[in-house]
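A short write-up of the structure that comes next.
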Amino acid sequence: MLHGEQSVGDLGYIAPEIILLIGGLFIFCLDLAYDPGVGKKSGLSYMALAALFLTAALVAAVLQLNISDPEAGPKIAYSMMTIDNFGSFIKVTIFSGMILTTIAGGRYMNRRSGNQGEFWTFFLMVSLAMSIAASANNLVLIYLAIEFLSITSYMLAGFLRENRRSNEAGLKYFLYGSIASAVMLYGISLLYGATGSLYLHDIAASFSEILGESTEVSGLAFAALPAMLLILAGLGFKASLAPFYQWAPDTYDGSPTPVATYLSTASKAAAFAVLARFFIVAMASFELNWVPILAAFSIITMTMGNLAALRQSSVKRMIAYSSVAQAGYILMGLVAVTSSSPSAMDGLNGVLLYLFAYLFTNVGAFLVVMALEETVDSTHISAYRGLIMRAPWLAVMFTVFLLSLTGIPLTGGFFGKFYVFGAAIQRQYFWLAGIGMINAGIAAFYYLRVVREMFFTSESEGGTLEVPMALQTSLLICTVVTVWIGVYPSAVLDWVSNASVQLLSVVP
């Protein structure tokens with residue numbers, strides 16, 4: 001039982017979480033101690049502090065990646081968190097996206113809200129929740145982390161109290177999220193009743209033991225299959241899988257753009273980390289039951305997301321629906337992961353590489369939307385007309401992001417799709433890979449429509465765009481990483497492979 005392996009250096013293993021907790025409390029106390037008589041407070045100082053603590057957490061997660069030996073096995077912190085290369089890689093991915101969003105979103109939020117201390121406190125707390133979820137090996141801790149993530153996200157989505165659309169986004173997110181939370185909790189209770197444990201490895205051991213007794217198989221499956229579906233529904237809400245994605249477009253569109261950015265990227269990475277641990281570790285013995293279910297979710301998600309994105313005239317809503325479709329592609333890689341198949345490694349590699357490349361690509365895309373919001377106060381596609389004349393570098397960067405989302409070679413998105421589709425083909429799911437390729441073709445239509453507006457349509461009113469330096473810096477980093485992964489993917493694949501090996505090595 002892995003949860004019995006208590007380690008002396010537990011505090012060191014959860015260093016990223018401790019840093020984020022201290023950072024959030026520090027900003028909160030600093031905001032409380034502020035004296036209004038001193039003068040008007042600037043949110044940029046809080047933003048800088050948030051970026052500093054996130055960077056420290058990122059360094060701690062990278063150090064965990066470097067000191068982890070894939071063959072030595074994972075470390076266990078306080079019985080409920082598995083510290084391994086898989087979780088550390090997910091944390092590096094999450095923290096990278098949150099840092100870029102923080103740097104770019106400081107001025108955006110400073111102009112729209114006076115409660116900057118609260119905002120950046122919640123921002124660090126939501127990062128803490130995602131970090132815990134990435135390492136949790138106990139269903140109760142997973143549930144609490146997801147709830148912590150959800151509650152802080154509800155507040156951030158509706159943070160602009162004087163903005164009706166922001167209030168609507170927060171309310172819709174809360175209503176859908178409450179239902180998903182109840183459904184997931186009921187699924188956890190069913191699974192606990194069937195196996196007698198809340199630890200993922202003990203659940204897997206119970207399955208292996210009981211499935212060896214033919215007289216007990218039907219009874220276990222009767223309880224386990226509904227539990228699995230209910231838990232999948234709850235996690236599918238966070239990952240915006242169909243049909244649980246209804247909240248996503250309205251929430252992304254109405255939320256402050258920095259919030260929409262992390263909801264569509266970092267939050268999705270945390271949700272898929274939990275999905276991977278749950279299905280790879282706890283549900284390994286139920287391969288024949290859950291693979292077709294995940295495949296169906298993958299197909300429905302990518303198809304519905306792409307078809308909805310085709311009809312959008314708002315670029316922000318288009319990217320929101322596109323994010324739903326991207327979740328379907330990522331889930332395709334998880335379908336290919338089975339404990340008894342050689343394609344398991346390729347499938348999990350594909351999931352992790354896709355998440356890493358997708359994060360920088362989609363963060364970059366949302367930051368371009370933020371830049372247009374800051375300058376022309378519009379997200380309509382008409383605002384992008386002739387962008388190559390008004391801001392050539394911005395148009396080129398957005399084109400790189402859109403090509404990466406499409407899956408064009410020499411971008412990170414290409415190799416993400418290459419490994420995900422390749423894993424499905426290796427597993428002989430030709431039909432799944434074929435449907436994925438058709439959907440990629442559909443997506444190319446609405447992505448390239450924006451490119452056409454930027455390069456081949458007459459210039460709209462407005463003149464030259466002035467983009468803040470912080471936003472330019474984040475955009476440049478996103479562009480460089482997106483192209484770097486597309487040109488030199490082997491560097492990231494080494495990290496990805498180490499993460500996959502350590503997770504798959506503990507599968508019963």
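Just so it is clear, glycine is given a Cβ too, placed from its N, Cα and C backbone atoms.
What you see is a predicted model, and the numbers here were worked out from it, not measured in a lab.
Feature annotation from TrEMBL assigns domain 'NADH:quinone oxidoreductase/Mrp antiporter transmembrane' to 136-442.
Residues annotated as transmembrane segment in TrEMBL: 12-34 (among others). Long-range contacts of the transmembrane segment (12-34) within its own chain (CB-CB distance under 8 A, at least 6 residues past either end) are made by residues 41, 46, 49-50, 52-54, 56-58, 60-61, 63-64, 75, 77-78, 81, 83, 91, 95, 116-118, 120-122, 124-125, 127-128, 131-132.
Residues 13, 15-17, 19-20, 22-24, 26-27, 30-31, 83, 85, 88-89, 91-92, 95-96, 98-99, 102-103, 105-106, 109-110, 116-117, 119-120, 123-124, 127, 131, 495, 498 of the same chain, all 6+ positions outside the transmembrane segment (46-66), place their C-beta atoms under 8 angstroms from a C-beta of that stretch. Here TrEMBL flags 46-66 (among others) as transmembrane segment.
With a threshold of 8 Å between CB atoms, the same-chain residues lying at least 6 positions outside the transmembrane segment (86-105) that come near it are 16, 47, 50-51, 54-55, 57-58, 61-62, 64-65, 68, 120, 123, 127, 130-131, 134-135, 256-258, 261-262, 265-266, 269-270, 273, 276-277, 352, 355-356, 359-360, 363, 367, 370, 470-471, 473-475, 477-478, 495-496, 498-500, 502-503. The transmembrane segment annotation in TrEMBL covers 86-105 (among others).
For the transmembrane segment (140-161), same-chain residues at least 6 beyond its ends with a Cβ under 8 Å from one of its own Cβ atoms are 80-81, 112-113, 115, 118-119, 122-123, 125-126, 128-130, 132-133, 167, 169-171, 173-174, 177, 181, 184-185, 188, 198, 234-235, 238, 251, 254-256, 259, 263, 267, 270-271, 274, 278. For 140-161 (among others), the entry in TrEMBL reads transmembrane segment.
What TrEMBL lists as transmembrane segment is 173-200 (among others). Counting only same-chain residues 6+ beyond the ends of the transmembrane segment (173-200), those with a CB under 8 A from a CB of the stretch are 1-3, 137-140, 143, 146-147, 150, 153-154, 157-158, 206-207, 220, 223-224, 226-238, 244, 246-247, 251, 277-278, 281-282.
Per TrEMBL, transmembrane segment is recorded for 262-284 (among others).
For 290-310 (among others), the entry in TrEMBL reads transmembrane segment. Only residues 6 or more beyond the boundaries of the transmembrane segment (290-310), in the same chain, are considered here, and those with a CB under 8 A from a CB of the stretch are 228-229, 232, 236, 240-243, 245, 249, 279, 283, 318, 321-329, 331-332, 334-335, 338, 429, 432, 435-436, 439, 442-443, 445-446.
Annotation source TrEMBL lists transmembrane segment at 319-339 (among others).
Here TrEMBL flags 351-372 (among others) as transmembrane segment. When Cβ-Cβ distances below 8 Å are used as the criterion, the transmembrane segment (351-372) is approached by residues 86, 89-90, 93-94, 96-97, 100-101, 104-105, 108, 257-258, 260-261, 264-266, 268-269, 272, 276, 315-316, 319, 323, 326, 329-330, 333-334, 337, 378-379, 383-384, 391, 394, 397-398, 400-402, 404-405, 411-413, 415-417, 419-420, 465, 467, 471, 474-475, 477-479, 481-482, 485, 489, 492-493, 496, 499-500 of the same chain, each at least six residues removed from its ends.
Positions annotated as transmembrane segment by TrEMBL: 393-416 (among others).
For the transmembrane segment (428-448), same-chain residues at least 6 beyond its ends with a Cβ under 8 Å from one of its own Cβ atoms are 295, 298-299, 302-303, 306-307, 309-310, 312, 318, 322, 325, 328-329, 332, 335-336, 402-403, 405-407, 417, 420-421. The transmembrane segment annotation in TrEMBL covers 428-448 (among others).
The feature transmembrane segment is assigned by TrEMBL to 469-488 (among others). Using a Cβ-Cβ cut-off under 8 Å and counting only residues 6 or more beyond its ends in the same chain, the transmembrane segment (469-488) has close neighbours at 100-101, 103-104, 106-107, 353, 356-357, 360-361, 363-364, 367-368, 370-371, 374, 394, 397, 400-401, 404, 409-415.
Long-range contacts of the transmembrane segment (262-284) within the same chain: residues 82, 86-87, 90, 93-94, 97-98, 101, 126-127, 129-130, 133-134, 136-137, 142, 146, 149, 153, 157, 200-201, 203-204, 207, 228, 231-232, 235, 238-240, 248, 251-252, 255, 290, 294, 319-320, 323, 326-327, 330-331, 334, 337-339, 344, 348, 351, 355, 358-359, 362-363, 366, 503-504, 506-508, each at least 6 residues beyond the stretch ends and with a Cβ under 8 Å from a Cβ of the stretch.
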